[in-house]
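First up is the structure itself, then whatever we jot down about it.
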Amino acid sequence: MQLQSHAPSGATLLISLLALPQLTSAFYLPGVAPTSYKQDDAVPLYVNAIRPVGDADSVLHSVLSWDYYHPTFQFCAPEGGGQPVGESLGSILFGDRIKTSAFELKMKHNETCKKQCEVTYGKNAAQFVNQQIQEGVSLNWLVDGLPAGQKTIDVLSDTEFTNPGFLLGEQLDDGRIKFNNHYDIVIEYHEVNGNNGQYRVVGVIVQPESRKYTGEIGPDTCNTAPDIVELSETGDTKVRFTYSVYWIESTTAWATRWDKYLHVYDPKIQWFSLINSSVIVIFLVLTVMSVLVRALKKDIARYNRLDQINLDDLSGTSVLEDGVQEDSGWKLVHGDVFRNPSHPLLLSVFLGNGTQLFVMAGFTIAFALLGFLSPSNRGSLGTIMVLLYTVLGFVGGYTSARMYKSLHGEKWKLNIILTPLLVPGIVFAVFFLLDLFLWAEESSGAVPFTTMLVLIFIWFLISVPLSFAGSWLAFRAPAIEPPVRTNQIPRQIPPVTTYLKPIPSMLLVGLLPFGAIFVELYFIMTSIWFSRIYYMFGFLFLCYGLMIITCAAVTVLLVYFLLCAENYNWQWRAFLAAGTSGGYIFLNALIYWVTKLSLSGFAGSVLYIGYSALISFLFFILTGTIGYFASWLFVRKIYSSIKID
């Protein structure tokens, strides 16, 4: 396909991924690796994919992105066509398609109304372009790594910031659709301190205009073209593209040039959400601690006192035992609480992959929090996530095999194989199917087939062997023995109250971890679908911690109530109840789809729902793993604290 021909080769990507020292050196903080120019030096302007950003009412009508040199748009290309610029794996996966352009920029050299090219739009092309304008797509350029954008004022905070990208056109109040064919490019620069004659780019603003030219184009023509360009959907329309370049000296330092892009639309909402979640989590944890510590301390003391009475062969034992049985029932299931759950193989595989996701998410957020994933290094977030998940295959294999052995599983070969293949295989299969929709729509967001092959190659070359090595070490290690013996005959489970039944308990437990990240999830979703820069990793780090604590606390509380109700089937209940947070994330995505999106095509809806389901599935495994291990540690702790004959 045409899209594949513009992508870097698979060998190039593989070499770039395996060269870890070179890769890690690219994760620079803003202000570490500046590029200086002399006067009249060429400053490259690169073009990126054309992406939807929503209409004037902040409603998104499409999730499809397009190659800048898509034949229907007919933008002016340099001689020989736009050539791809080297991109990282994360940049490709997130839809960047950066290429050279026909714009000629020279440091401190102004240009006025410079002609680029003249093209003719047929009626079919006009219909397509007008539809994209109505759906609110934006052009994305890069100058010295900075995205070209437009100055915007946030009405809530009354602050000015630069919004990356600028509109392809605009639908006027009278219903006419204007097409922007002239660009005023304003570039801010400053002189390097102590190095005269060296300049650096610190800001890029583009003001698009629609100007219908009738005669020859000269330096003053752009200011004397009052009519707008409208692409006719019934005939041919000739359009001439022009641009002007203005260099303005600025006091902005190179190290802080990204500050104008990193805008929080309403920081009060995030702070309020964080404080609210913190209060809820503190209240929840204190409640759980007070209930469990007081109840367990009392229970353990009474159980141990009862055992001591039995040992001393004193009278009155049966009365106390009956009292204990009526008061609390978690000791009554000590002979069944570590009974192997159903489908231990699937549970262990999920736990291994969940641990892998947990460690990967923690490291990624920590790296981003420390500033190593600079927005100037495009795709660094996606690249580090893929690399971390690949390298952490050892952790996933070890955890899965260790838990499977403790559950007395017998299909150890199948466990070794499924741990690195099942969950990644599901993710890759869904991702590939969704990519087929992008290929069918000729969207630039489609990941090239060569990149898919590279992902498979890295998966089987690095992740799978590391997972096998972790599983091999785990199976060689001694099994984790339970603190109490398991009876041969299972105990009958009495009926439970409504809130302890599977579905009600899952809905209750999964809601609280989701509530801890709900607001931050909204900003992340907006960043993904509306092509905005997300950088509030400090908030994300705190929300991630709150989510972990909440998930662990409510799952432990559920397991305690289950054991008191003499229900010893806690393993899958703990995993599924905590994992229900992923279901709430998918439900939230559907509500977001209804309220914030107005996707016009079937492919766009399938892509949005598919990617949302994929994210929710991974979150289900992540939170389920957190809930399981918190409950596992809790159960081992309480049953190792009592004396069992």
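Cβ from N, Cα, C; glycine included.
No curator has checked TrEMBL annotations; they are predicted automatically.
Pulled from TrEMBL:
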SIGNAL    1-26  signal peptide
TRANSMEM  271-296  transmembrane segment
TRANSMEM  345-372  transmembrane segment
TRANSMEM  384-404  transmembrane segment
TRANSMEM  416-440  transmembrane segment
TRANSMEM  452-475  transmembrane segment
TRANSMEM  507-530  transmembrane segment
TRANSMEM  536-563  transmembrane segment
TRANSMEM  575-594  transmembrane segment
TRANSMEM  606-635  transmembrane segment
Message = Would you say the transmembrane segment (452-475) and the transmembrane segment (536-563) are touching, if the rule is that at least three C-beta pairs must lie under 8 angstroms and be 6 or more residues apart?
response = no
Query = Counting Cβ pairs under 8 Å that are 6 or more apart in sequence, does the total for the transmembrane segment (384-404) and the transmembrane segment (575-594) reach three or more?
reply = no
Query = Does the transmembrane segment (271-296) reach the transmembrane segment (507-530) with at least 3 CB pairs under 8 A, where each pair is 6 or more residues apart?
reply = yes
Note = Outside the transmembrane segment (606-635), at least 6 residues beyond either end, the same-chain residues with a Cβ under 8 Å of its Cβ set are 63-64, 337-338, 347, 350-351, 353-355, 357-358, 361, 423, 426-427, 430-431, 433-434, 437-438, 509-510, 513, 529, 547-548, 551-556, 558-560, 563, 570-571, 574-583, 585-586, 589-590, 593, 597, 599
Ask   = Near the transmembrane segment (452-475), which residues from the same chain, at least 6 beyond its ends, have a CB less than 8 A from one of its CBs?
value = 10, 13-14, 17, 89, 352, 386, 389-402, 405, 412, 415-416, 419-421, 424, 428, 432, 435
